[in-house]
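Quick notes on the structure that follows.
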Amino acid sequence: MGPGERAGGGGDAGKGNAAGGGGGGRSATTAGSRAVSALCLLLSVGSAAACLLLGVQAAALQGRVAALEEERELLRRAGPPGALDAWAEPHLERLLREKLDGLAKIRTAREAPSECVCPPGPPGRRGKPGRRGDPGPPGQSGRDGYPGPLGLDGKPGLPGPKGEKGAPGDFGPRGDQGQDGAAGPPGPPGPPGARGPPGDTGKDGPRGAQGPAGPKGEPGQDGEMGPKGPPGPKGEPGVPGKKGDDGTPSQPGPPGPKGEPGSMGPRGENGVDGAPGPKGEPGHRGTDGAAGPRGAPGLKGEQGDTVVIDYDGRILDALKGPPGPQGPPGPPGIPGAKGELGLPGAPGIDGEKGPKGQKGDPGEPGPAGLKGEAGEMGLSGLPGADGLKGEKGESASDSLQESLAQLIVEPGPPGPPGPPGPMGLQGIQGPKGLDGAKGEKGASGERGPSGLPGPVGPPGLIGLPGTKGEKGRPGEPGLDGFPGPRGEKGDRSERGEKGERGVPGRKGVKGQKGEPGPPGLDQPCPVGPDGLPVPGCWHK
C-alpha cells in the first residue's frame with residue numbers, strides 16, 4: 001500500500017471520527033427523548049391502572065352496602081325475637097346432626113366368657129371396616145354468636161306529601177276608625193241644566209282660567225339636509241396602542257416575478273467553515289522512503305504452536321513479518337466544484353404592529369333617517385296665569401239688548417277647585433261586619449327543597465350465622481408494579497483465578513498451493529518435508 005493510499009485512509013479515518021462525534025451527540029439526544037417518552041407512557045399507564053382499581057373498589061363497596069341493606073330489611077320483616085328463635089332452632093339441629101353423622105363410631109368392648117381357660121391363640125388378621133352407623137342424637141344448641149357491627153346509616157326518606165290547607169283563623173278584633181283622608185280631586189262637570197229664561201245682559205265677567213293643553217301634535221317632517229360644514233380642527237395624536245398578539249402565519253404567496261440584478265453589496269464578514277468537501281481522488285504513489293535504523297531486539301515470544309504447516313517451498317511467506325503501522329495521512333484533495341443553488345427558505349415571521357396613524361378628516365354627514373313613530377299623548381300642562389282685566393265696553397242700545405236677550409246663553413266652564421275643608425269629627429264605631437264567604441282553594445305550591453337527613457336509626461338485630469361460602473376463584477394476576485429505584489453500584493469483586501489451559505484445536509484445512517518462489521542461490525539448500533531448508537544448510 002503506497003503513501004497516497006495511506007493518506008486517503010487517514011483522511012477517511014478523520015472524517016469517520018468527526019461523523020462519529022456528531023452521531024454520538026444525536027444518539028444521546030435521541031436516547032434522552034426516548035427516555036422521556038417512556039416515562040410519560042409509564043405514568044399514563046399507572047394513572048389508568050389506579051383509576052381502574054378505584055372503580056373496582058367502589059363497585060365492590062356499593063355491592064356490600066346493598067347486601068347490608070337487604071339483610072337489614074330482612075331482619076326488620078322477620079318480626080319479634082321469639083319468631084326468630086323458632087326459625088333458627090331447626091336449622092341449628094340440622095347442622096349439628098350433619099356434623100355428628102361424620103364422627104367415627106366407637107365399638108364397645110364385649111366381655112369374654114369365664115369358662116375358657118385356653119391360652120390365647122395367635123393374633124388374627126385385621127378385620128374389614130364395619131358399616132356406617134346410625135346417626136346419633138342431636139347435640140346441644142350452640143351459644144349465641146357475637147353481636148355484629150353497627151349497620152350503616154340509612155338513606156334519607158322520600159319527602160312526604162304536601163299537607164292539606166289549614167282552616168282559616170278567627171277574625172281579629174275590629175280596629176279603630178281611621179282618620180278622614182285628604183280631600184279628593186274635583187269631580188267631573190255635571191250635565192248642562194235646562195234652558196232658563198233670558199236674563200238681563202250682565203256685566204262682562206272676569207276672564208276664565210286657561211283651558212287644559214291640547215294633545216301633542218304629530219312630529220313634523222324631517223328637514224332637508226343642511227350644507228356641509230367646514231372641516232373641524234385636527235385632533236391630537238392618540239396614545240399608541242399596545243402590541244397586538246402575533247397573527248397566525250399565512251400561507252406563502254405565489255412566487256413573484258424575477259427582479260432585476262441588484263448592485264454589488266458590501267463585502268461580507270468571514271463566513272463559517274463549510275462542511276467537508278467530497279473525498280478527493282487518490283494521489284500519485286510516492287517514492288519509497290529510506291530504510292530506517294535497525295530496531296532493538298524484541299522480547300522473547302511465546303511458545304508457538306506445534307502444528308506443522310506445509311508451505312510447499314514458500315520461503316517468503318514463512319519469513320514474512322507482521323503488518324507495519326499505519327502510515328501518515330496524505331495531502332488534502334482538490335477542492336470540489338461549487339454546489340447548485342439551494343431551495344428558497346421558509347417565509348419570515350410577521351413583523352410587529354406599527355404605531356397608530358393620525359386621525360383622518362371627518363366624514364360626510366349621513367343620509368336622513370326614516371320618520372319616527374308618533375309619540376304617546378303628553379300629560380296636561382299646568383294652568384296658565386290669569387289674564388289682565390279687560391276694559392269696560394260701551395253701553396248698547398235697546399235694540400241690541402233685545403237681540404241679546406233672545407240669544408241662548410251657554411254655561412261657562414267650571415271654576416278652579418276650592419281649598420280643602422276642615423277635618424270632620426270622629427264618627428261613631430259601626431256594627432261588626434258579617435263573616436266573609438270561604439275563599440276558593442289555592443293552587444298547589446311548588447315542591448319544597450329536600451328535607452334534612454333524619455336521625456340515626458336504632459342498631460339492627462344480631463344477624464344469623466351465615467353458611468360457609470364456596471371457595472372463591474383465584475384472582476387474576478395483578479398489574480406490573482412501578483419500576484423500583486436504581487440500585488447503588490456494587491463493590492468491586494475480587495480477581496478470579498487463572499483458568500486452565502484449553503484443549504488444542506483441530507488441525508486446520510490445507511491451504512491452496514502457493515506461488516513459485518524466487519530463484520535459488522548458487523548452492524541451494526535441500527528442502528525438508530516441511531518446505532524449509534534443512535537445518536545447518538545456512539551455516540555452510
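Cβ from N, Cα, C; glycine included.
The compositional bias 'Gly residues' annotation in Swiss-Prot covers 1-26.
Feature annotation from Swiss-Prot assigns compositional bias 'Low complexity' to 140-156 (among others).
Taken from Swiss-Prot, the feature compositional bias 'Low complexity' applies to 168-183 (among others).
As annotated by Swiss-Prot, compositional bias 'Pro residues' applies to 185-195 (among others).
Swiss-Prot lists 322-334 (among others) with the feature compositional bias 'Pro residues'.
For 350-362 (among others), the entry in Swiss-Prot reads compositional bias 'Basic and acidic residues'.
If you look up Swiss-Prot, you'll see 411-422 (among others) marked as compositional bias 'Pro residues'.
According to Swiss-Prot, the feature compositional bias 'Basic and acidic residues' maps to 435-444 (among others).
The annotation compositional bias 'Basic and acidic residues' is assigned in Swiss-Prot to 486-503 (among others).
Look at Swiss-Prot and you will find 251-305 tagged as domain 'Collagen-like 2'. Computed over the domain 'Collagen-like 2' (251-305), the whole-number mean pLDDT of the model equals 69.
For 321-380, the entry in Swiss-Prot reads domain 'Collagen-like 3'.
Per Swiss-Prot, the feature domain 'Collagen-like 4' maps to 412-460.
Positions annotated as domain 'Collagen-like 5' by Swiss-Prot: 463-522.
Feature annotation from Swiss-Prot assigns region 'Disordered' to 1-28 (among others).
The feature region 'Disordered' is assigned by Swiss-Prot to 109-304 (among others).
Under the heading region 'Disordered', Swiss-Prot lists 316-540 (among others).
When Cβ-Cβ distances below 8 Å are used as the criterion, the compositional bias 'Basic and acidic residues' (486-503) is approached by no residue of the same chain that is at least six residues removed from its ends. Outside the transmembrane segment (35-56), and at least 6 residues removed from its termini, the chain residues within Cβ reach (under 8 Å) are 479, 482-483. Long-range contacts of the compositional bias 'Low complexity' (140-156) within the same chain: residues 65, 68-69, 72, 89, 92-93, 96, 450-451, 453-454, 456-457, 459-460, 462-463, 465, each at least 6 residues beyond the stretch ends and with a Cβ under 8 Å from a Cβ of the stretch.
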